[in-house]
Structure formats: C-alpha cells, structure tokens
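*Asks:* From TrEMBL, for reference:
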type	residues	note
REPEAT	140-182	repeat 'WD'
COMPBIAS	244-254	compositional bias 'Basic residues'
REGION	244-272	region 'Disordered'
COMPBIAS	259-270	compositional bias 'Polar residues'
REPEAT	282-317	repeat 'WD'
DOMAIN	416-468	domain 'Cellulose synthase RING-type zinc finger'
REGION	509-557	region 'Disordered'
TRANSMEM	582-600	transmembrane segment
TRANSMEM	612-631	transmembrane segment
TRANSMEM	1168-1189	transmembrane segment
TRANSMEM	1201-1219	transmembrane segment
TRANSMEM	1239-1259	transmembrane segment
TRANSMEM	1280-1305	transmembrane segment
TRANSMEM	1317-1339	transmembrane segment
TRANSMEM	1351-1371	transmembrane segment
Amino acid sequence: MTETSPRRLKGHKATATCCIPSRDRPGLILTSGEDGCVCWFDMRCKGVVYTMEVGKEAISSLCFKSGNENIVYVSLGKEVKGFDVHLATSWKPLETYNYNKEEINQIACNFKSSFLAAADDGGDVKIIDIHQKCLYKTLRAGHTSICSSLQFLPWRPWEVITGGLDSKLVMWDFSKGRPLKIVDFGLNDSNGGQCLNPAFVHAIAVPDIDMLNKSEKICAVARGDGVVDVINIESELAIMKSKTSIKSHKGSHTRSKDSSPTCNMESPDQNGRKRVHLDYSLGGHTAAVSCVSFSLFGERGKFIISGGNDKSVKVWDWSRFFDAEQTNGSTDLLRSNINLSKKVNWLCTTPTETENLVVCDTTKVVKVYSVFEEATRPISLHVLSFSENPDSEAEGERETLFRKAEILKMMESGVPVCNTCGEQVEFDANGEVFVACRQCHFPICRDCLNYELKEGRKVCLRCGTPYGESSLADEKTEGSGNHSTMASHLNEPQHLGIHARHVSSVSTVDSELNDESGNPIWKNRVESWKDKKNKKKKPATKTEKEPEKVAQVPTEQQMEENLSPEAAEPLSTIIPLSPNKITPYRAVIIIRLIILALFFHYRVTNPVDSAYGLWITSVICEIWFAFSWVLDQFPKWCPINRETYVDRLSARYEREGEPSELAAVDFFVSTVDPLKEPPLITANTILSILAVDYPVEMVSCYVSDDGAAMLTFESLVETADFARKWVPFCKKFSIEPRAPEFYFSQKIDYLKDKIQPSFVKERRAMKRDYEEFKVRVNALVAKAQKTPEEGWTMQDGTPWPGNNPRDHPGMIQVFLGSTGAQDIEGNELPRLVYVSREKRPGYQHHKKAGAENALVRVSAVLTNAPYILNLDCDHYVNNSKAIREAMCFFMDPQVGKDVCYVQFPQRFDGIDRSDRYANRNIVFFDVNMKGLDGIQGPVYVGTGCVFNRQALYGYGPPNLPTLKKPSSSCPWCGCCSCCCPSKKPTKDLTEAYRDAKREELDAAIFNLKEIENYDEHERSMLISQTSFEKTFGLSSVFIESTLMEYGGVPDSVNPSTLIKEAIHVIGCGYEEKTEWGKEIGWIYGSVTEDILTGFKMHCRGWRSIYCMPVRPAFKGSAPINLSDRLHQVLRWALGSVEIFLSRHCPLWYGFAGGRLKWLQRMAYINTIVYPFTSLPLIAYCTLPAICLLTGKFIIPTLSNLASLLFLGLFLSIIVTSVLELRWSGVGIEDLWRNEQFWVIGGVSAHLFAVFQGFLKMLAGIDTNFTVTAKAADDAEFGELYIIKWTTVLIPPTTLLIINMVGVVAGFSDALNKGYEAWGPLFGKVFFAFWVILHLYPFLKGLMGRQNRTPTIVVLWSVLLASVFSLVWVKINPFVSKVDSATIAQSCISIDC
C-alpha cells in the first residue's frame, strides 16, 4: 500500500540534498541542503534540534565518523569539512581538506575510521588519511567521466568501490592506487540499434558489517536506465571482470542477448545463482534510479530501498529473488511502492520500528515514512496516527481505514500538488479538495496556509486576493498529474502530421508535446495564434473615425503618437568617420592612383630587351594587380560606423504593463552529418538561441537535419530536456555567453557583477547538469559510430525513416512550444522544431541552399515570423541581445523600410594566438564590410544574418525606385515572349500591374504596397492563383502567408492542417517548375549561395546594414589546420568562379533596374574575379627564381626619375595601409597575416578553383581533392600542427623550393663574378625574399612541429649553410696559392 501523508521535517531554506541516520542513537537524522546548512532532527521532537550553518555553497554529501558519531564530515564544492557536535555554539570546522580539483559528489568514511574518501566530477577519488590529516592516495584512470558514488567495503579494509557516469563500477585497492576489478554496464546493451538511456551508475550501497550473515558480500547499484542491480562482489564480479577484460583486449564488445521479461537474469556466480536484476518488468523504476540503500529496520539488510527520477520509492525484498527464480515467479520481489510528487535526491533508513524511511526530494521539506514488516503479508506502509490517546483499538483501526480511503480518493481524482512543499493538497471536511484561494485556485496545502497566516501573509501568493474574501463558487481543481512520457506522445500520428515518428526513450522527462491538461500542443498553439491575431485587431479598431486607415498602418507607426520623448528618438544612428582620418585616406588613394599611372607609363615605355619575355609577363601581372587593387580599394571610399540604442527599442515596443510588440524572429540552424558536425556543438548553438534576451513567444528555432540522422534527432531530444533548466538559469543571472560549453570554459572571474547569493550553488549545480548532459550526448555519438546492418530502429521496433539519407520521407517534430513544455520555473520556452526535408533519387536537392529554402517554407506555414536569422550549426549566440541590435534597424520606421538583411561580423573561437592562416578575416570584416556599409550595404556571408522575409520572397522594397517605361523587349533577356505576358487586362489594372511588377525579373510577384490599394475583386484579378503557384509552389497556405508583410499565421488557415501542409512544402518535388532558387529564397547555381542571394536583393533596390555590437553577436569555429583552411578557401573561390560563369555575373547582370550602385557593383565584381588573380600571382612569384637562375632581371637600369617612381609607389602603399589601420582599428599583425594568406591562397586554392570551375561549368567534370591526415599533436592548438597531404599544397611548395634554390644560385653566381655582380643581385634577392616571407606561414605549416624547433631557424640555417659553403669553396683556404711564374719555372725545369 502507498502512504501519501508522511511526517514532514522543515528546517532547510533550499532543496534538501542528503540524509544520514545515526546507528548509535536511533531516531536521530542528519540532513543537508543547498542552503549550506546541516539540520539535526530527533524523531521524538517536533522540530529541528540543531541547524549547522556550514557555508554558503550547496552541501552534496554527509557522513559520520565510524565509531564516533560526534564527528560529522560535510562536502561543499571542492572541499571537505569536519565538525564536532559538542562545539554546537561555534560550528567551526575541526578539519578542512581541499584536495579535489572538481566538485565533490559523495564522501564516505571507512569502517576503522582511518580514511575518508571523496569522489568528484573529474572522475578522481581522493583518499584522505584522517589520523595524519593529509592526502593518502589519488585514485584516477578508473573513470572516464563523473565519479558519482563510492563506498568502503567493510570486510576489506583496504578496498573501496566506486560508480560513475561512464557506466562503470570499479573496485580499488587504495593502498596501491589501482583498480582491481571493473564492470562496464554499458557493454550489456541488448537493444540493437535503439538509443536508450545509458546505464550510468548514480549510487551504490554496501551492507554494514553486521548485515553480512544475511546479505552476504554484495553491492546494490542504482543505474540510469531504471535498473537496480545486486551483485556479489566476491564471486560474480570477478567473473564479470574476466569476461569484459578479455573482450576489451580483443577490441570487440559482445552484447548480452538475455532479454527475459520477468527477471532479466545475468551470468551466474560461483554458487550457481544469478545476479539480482530489478527492472521495470518486476514493477521497478521507469526512469533513472538516483539512490539506493539497505534497510536498517526489522531484519537488517533484508530489504533494498531505491528512489528514482520517476518520483517513486521502491521497497524490494531482494532475498526472495532466488525463491522467485525457482518458482518462475517474481510477484513478491517488489514489496511496496511510494509515489511522490518530486524526484528523489537521497534516502536512508533508520533502525526504528516507526518513522524509519527518510526521503529527500527536490523540495526543501524532508519526508519521513513508516515501514512495518509483517510475517504473512507483503510489507506495507502505514499512515502515522497523530492522535495521542485513542479510546480503543477499534477506533484506531477505523481511523486508519478512513485515512486509507482518503488516500485512494486522492489518487483517483488527481489532486494538485502544493506549490510550497511539493505534497498533494488534502481534502476538506466535505470530502472535496482543499482550496485556499477561490479566486485563482492557487494550489497550497492546509499546513502551508497556516504557516503563511502565522507569518502575517494573508493574501494569495498568485493573485493577491485576501484569503476567505472571494465570493466565487467553489470549483474543483482540474488534475495536473496526467503526464506521459515523450515517447508515448510521439507514438500518436496526429501529433506529427503525415509521417508519424516514435521517439526513443533517451529523454525520461515529462512530455513536452502535451500541455498540463493532456491536450496536444499543436491545438493549443494554433488557438494561441488565433488569440494573438484577434488581440492585434482590437487596437486597430479603437478609433472608429478611420478604421480602414488604421488597419493599414504598421504597429510601429501606430505607436508614434503616444511615445515618450526618449522612445520617439531614432533607434540607430550613423557615425561618420572623422575628417581627420578619412580625408588623408582618400587623398592618398588618389595620389597612389596617379603614381600607378606614371609607373605603368614608365614600365611600358622602358622594355628590357635582354629579357623581353620576363618583362612582358611582369607588366601584365602588375596591370592585373592594379586592377584588383582598384576593385578592392574604391568600395572602401565611404566607410561608416553605426550605433544602436537597445534601451530606446525597449521603451518603444516593451512598455510596462502591455504585451511586447517586438517583431517575431525565426532562427534557422542547418546541419548535415552529425559525425562531422558534432551534436554537442549543434546543441550549444540551439541552447544559445533558446536563451536569447527576447520575448519567448517571439522566438522559434528550426533545425534542418539534411542527413536525416537519428543521432541528430536523439541529441535534439536531450537538448530540449536540458533547455528546461538552462534557459531560466541564463535569464535569471544574465550570463554571457549562453552556450554552456563556452560559458563554463571561460577563464574569467565568473563572479564579476553577480550579486545574487544563490548564484554560486546554482552555477555549480548547472555545471553538473551540463556535464551529465554531455555524457548522455557523447554516449549517443559513441553508439552511432557503428550503424547496425538492419539500420536504426525506434522504440516501437519500426525502422527509422532516415536510414537511407538519400531516400526518405519528410519529417517534422515540434519539441518545444509556447503552450507545451515549460521550464523548471513554469515559464514558457521558445519553439524548437526539427525538420528533415524529403529526399528521393533523381531530384536536385541543392545542398545547403535547398535546405534553407525548405526551412523558409516550413516556418512560413507554422509561425511566419517577419524576420529570419540563419546560423551555421557551429555558430552560437555570443551576445544575447543580438536580435535586439538587429531590430533597432528593422523596427525603426525611418530606416527599416528598405533593409533586406542585417549582417553581423563573424568572430571565431579556438584560433591560435598568432592567427597564422588569417582565419579571423579581420581585414575583411572590419575594413571592407564597413566600407560597403557606406554604399548599399555589406554582402551576405552565409551566417549570422537577420533577413526580412519579404526580401527573400523576391519582393522589392516599399520605397521602390521608379522605373522607366519598359520597351517591347524584356529588360534583361531581350525577348518579349519569355517573361512578359501578351494578353493585357483593362487599362487601369495594366498600369497598376506595370508599376508594381519587378520588370527586370521574370517572376510574377507583386509589390504589396500597390496590391493593397484595390478591392477584393480587383485584387483577385491581379493575384491570380496560377501565377503565384508558378512562383511559390502548390500550397495555398504558404502563398497566403507570403502576403502577410508583418508575419503571423493567416486567419483562414485550418489549424488541423498545419503539420500536413508543412510536410507538403518540404517535399522533394515541391520546387519543380517554380521560382525557388531562381528568383526567390536562397539562390541556386553556386556553392557560395550567400553571395548570390545578397546580390539579387541588392539588384532589386534593397539595402543591407552592417551591425557591429561591442560584444560580438555570434561566434563560431574555423579550421586552423593548413590543409583544411586551404580547402575551405578553395570552396569559396570555386563558388565565385561559378558565379562568374553564370547568368548572375555582376559584370552584366542587373543593369536594367538601375538599382545597384556602381561602387556596390564594383565590390561584387571583386568577389567573383579574385580567384583569377592566382594566374598572374603564381607567374609573378616564379619570376624572382628565374631571374636569379638566368642572371636577368625584369627592370632595366633605374634612372633618377624611375627611382623616385618606385619610391613613391612603395611609400603610397605603406601610407595607405597605415591610414586604413588608423580609421578601422585593425592591428598591423592582422594586416600582415591577411597579405600573407592572400599570396598563400592565391598560389594554391584559388588556382585550383579556377581550373575546377572551368571543368565543372564547361565540361561537367566535378573534381574532388582528398585530404589525408598524417600526424597530430595533442597539445593546445594541436590541430595547427597536423600535416595533411593534398594536391593543393604542390604549387606553393614548388615556389618555395625554386626561390630558395634561386637565392643560393644567385649568391654562387655573384661569388664567381666578383663585386660588380653584387649590385644587381640585391634587387633579385629582395624580390625572392618578398615571395619567401609571404609564404612563410605556409612553410611553417608544411614542416609541422619539427620537435618544437622554430621554422625560421631551419630556414635560415639552410640558407646560411648554403651561402657559407659557396664562400668556403670560393676562398679554398687549405690549398696553397701558386702564381703563374712559379708554374712556368717548374715547367722549364722539367724535361718534357
């Protein structure tokens, strides 16, 4: 039977974490909590006896000193403190040990009171000598993750047993500091391709020395998969160890095939008995078991008590297991079950007849139950009777039966839980649920109400209504306990649309797909959308004089009249550069242009006849370099800075007491292969999005899984679960960044500016939760390394639909929603939606661009936010206010009308300090992009960009530039029949049609501003269903959403069809014969779809904005390895070549509209022609070696005028760079790294991109370059020193070799010819060293670590050794010099 009215012990101010009983003084209980206090309770007394204020941090564990219970040890954070009970007045620690480097999880004292053990999050176990008060031994290398529990073996004084979140149970001989035996529960997995909860070891228990006669030498293990194992340490564990060790040495871990539904029995021990395996088939836990203990009451050690995250406590008669085995039954193993309202943190038993089971759950109230053992009946839990003197035994029995009837009634009716203590609310005298406040029905029990009244708080905590003064009728509170697991909800097809999905039981939390009443989230979510639409309509109809006019005014314009002076100010401002900085900069550019003209005049008119071929080659190369410089330099003519005012945005759109009127934003995160893009990194990106500083109802996160990987899906389940804890933590303490991996890895003072006393303990608890989350995700990744032959299966046994990533249906799953799952504090969470578009053979899917377009359509159907932010899976939100920064531009009526997107700069983590390969791209993001912001806006760089959804649909800006009346031919194709209709409507409609239509593009899309001027009949004529279906596809729901300029789901949409429609728009054939990828959405035709997409928007007349907040908005990762970096640059350059060879080439596309400014076009031309610079660059880098080897030079003998020209050119280059650094704030090292990698990339990746682009576009040959890892270094930035061979490395390696050979040959030739040859040699060697210095980072990467010998030492050693060798040979000091006279005299004396 189940008891639900335990005795409640109150004394803690925060969650109770641990409890231990006294063996010497029965009835004495010690409890600890997150408030840093230890409470002493005597069951004979009513309240707390003592309260020890140990510290401000949460206490994780307690233990008595064996044989002297006056000494108690407490673990807080990373330290252990010892206290003496007799010093109750001071509570100063007698001992303090700070040996653990990570947070301690559990401590234990051995039987002889000689040693104290402490297990921490790092997997280490510290053995402390209590007598010597020093560290005795550190046990490490046994656990690869958190060590969660430990116990000394009372029958083996030098051994300790530990369990951890790596699913391992380790027995140690701590005198030697090494593990004796290891059991890995993770190996006994018989679930095939299913992904289930890992068998983490959360707690272990061993019997006391006086229990050994009954219980033998055993150990009880509480596992994360809901199983309680009882193993024989002396016999079975040795057998298990021998088997697992043999398998591990062979490298193949076989999985257990025993899947008995009754007992799940494992390998027998030496006595022929099998391990006790208590799981759900025996009535056990359905979630992780968090604690386990042997009984001290009755027959000591007879029962095992376990508590778990399924909010239940189980009492097991484990000794009956072997009797059940003989009778093939298991009905008597589970003797009793206690259902709680919260998860169990800890439990213990006492050696008393009553009040002998103490439970610490996640509340601050400790519960005490009474367990009685009867000879003939199963063990039962009796309700404690608090009546002092009953009249008779019959009356006592009647009282007990009456209370039991009340309990059964409470269980059947679904009584709410008290919001203060966590217990169920009682019944009143009428048999109805007790209701304290009849205004809001706030759930609070009678005891807590009395406590509130005693404290003087006589009003409801929720609504503020005085208790007892409401006149509302008494209503029964609807039950809120009808929760089910996530897996059960996902088993219902109506929640998922056409393709039902069954989620595996990775997550054991309550359902996030149903609300508290058990209704589907989608139904509630759609109803909330309707309510919001109705609320938006009401303010528009307040003014009855001009209702139609008000209805057409945007929200931000309606508020202009009632704004405060501060809120009415602009949300952003342009900060032009100081004239002292920009004027000299522009003057030097003009001077440099003039010098270049004079320089080329001199070069062309002064050929080198002796080396005509070298001369003409150098002149051609120099002319191309000058052309490239002009394309790069002049778009930086008008650089600007911008400043945003987030506080004004809040004052304007988030007025106190009113709903937030900020615009909604849909986040897009795209991933393909979880084995190459780690799920943990993707999870951090998603968590940072869900925790942004923005109204939750305005945020939706869509995750595109283009590989249809079950690993991604399962990791998203775990991420959604962890977000319920992480999001409120971030918002409560305003932490930055809000990606947990990067927040916890910061090497800064995390206490800075933190004033809440609870921050330290909550941060520590959150860090531990995140470590457990990481272990679960890593366990999924480890299991996914080897795909089963039959493919992955789901919990119900059906195959995972995405087993074939190239042939699978579309899948959509909503994990979080506005009316569904809430965080642990009861607040709403942003929406989180999983999307995997349909893939079929024979269809073009267009990689990332196609996936992004699928997300555009899905989000339009489900949420239709007016703005979209896309991020790569490895780019997390580093600034939680980044969205507000972007909204300062979009929601400013004076600025946002013509803005198509707001681009943020890319910032990166994990790059080496010197940024050897210019991964940060500082010059591009801090110089070039600022320059473009002063023209028509920055280019789109693929991530960290907030889009106006209307711009993605191909619409023009509201302030569309006036176009000239079109001629008879099409503006860009020259043909009147290909895109211009021949049949004309009436005159008025024809003129409106021509004014609104984008005449340089061939899609039948209309400007919303013009269309809304007509009535329904005229509008239906203008917007024919046929033309829109040809443009947007066959989805009426999506087409209607495109007409909603300010977002929101159309009122006419049937909510029950939303998921079905969303599945339809991600079909592989949806884009056939439409304008997707051609004129709307992300544009196809290049691997750098970002450049094309932004270019098309600028051609339509939109402008973009560059936003650089003080704290970087987003951060990502970049390849720091040489080969990976070159292949990244190769892909970018290949995309530019593809655009150059396509119809969207900026050299000729978009002239008809006249909306793309010339400097902006020049910048786009530069983005597509820069790969072709590789051809003259590699020729120019070869010239120094040829000149040194042949003795010729590309420049004739210099005159005074020529010398001045060369000097002026070099000075203008230097001054331009200095002034550029001055106004941009870029460092000289970043500029030099950029110059170096311009040469490195130009002579390698860009060269291959040119040839590959021509082969692909002209011949249809797609060339792939393979990369093979050769070596690695495990030190910091070890990836920097990995040597990978690829064909891209051949050209720069060749240039380095021939230039070094040329230098040696030049010195050799000068030594042979004498002093007159040293003058010309200087210019040639300087030229060669220019090449070598630019390729120096490449040389370092090519040579790797080289035993930590600096590369410059190796380089100079080779060069100097070669030069001195030549000098040595020339001098020849050991050979005597003989003049010609001596030789002639010798010849005369010889008789020939």
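Including glycine, each Cβ sits where the backbone N, Cα and C put it.
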*Asks:* Does the chain bring the transmembrane segment (1239-1259) near the transmembrane segment (582-600), so that three or more CB pairs sit under 8 Å (pairs 6 or more apart in sequence)?
*Replies:* no
*Asks:* Summarise the model confidence on the domain 'Cellulose synthase RING-type zinc finger' (416-468) as a single mean pLDDT, whole number.
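*Replies:* Its mean pLDDT is 69.
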*Asks:* In the repeat 'WD' (282-317), how many residues does DSSP assign to helix, to strand and to coil?
*Replies:* 1 helix, 16 strand, 19 coil
*Asks:* For the transmembrane segment (612-631), what are the same-chain contacts with Cβ under 8 Å, counting residues 6+ beyond its ends?
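*Replies:* Tertiary neighbours of the transmembrane segment (612-631) are 593, 596, 600, 603-604, 1162-1163, 1165-1166, 1169-1170, 1173, 1176-1177, 1179-1180, 1183, 1186-1187, 1192-1194.
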*Asks:* What same-chain residues lie close to the repeat 'WD' (140-182): Cβ under 8 Å, and 6 or more beyond its ends?
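*Replies:* Beyond its ends, the repeat 'WD' (140-182) has Cβ neighbours at 105-106, 108-112, 114-115, 117, 119-125, 127, 198-209, 212, 217, 219, 221-224, 231, 233, 237-238, 240-241, 244-245, 768, 771-772, 775.
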*Asks:* May I have the DSSP-based helix, strand and coil counts for the residues of the repeat 'WD' (140-182)?
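*Replies:* Counting residues per DSSP class in the repeat 'WD' (140-182), I get 0 helix, 23 strand, 20 coil.
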*Asks:* Within the same chain, where does the transmembrane segment (1317-1339) have neighbours whose Cβ lies under 8 angstroms from its own Cβ atoms, ignoring anything closer than 6 residues to its ends? I mean 6 or more beyond.
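*Replies:* Residues 916-917, 1122, 1181, 1183-1185, 1187-1188, 1193, 1195, 1233, 1235-1237, 1239-1240, 1243-1244, 1292, 1295-1296, 1299-1300, 1302-1303, 1306-1307, 1309-1310, 1351-1352, 1355.
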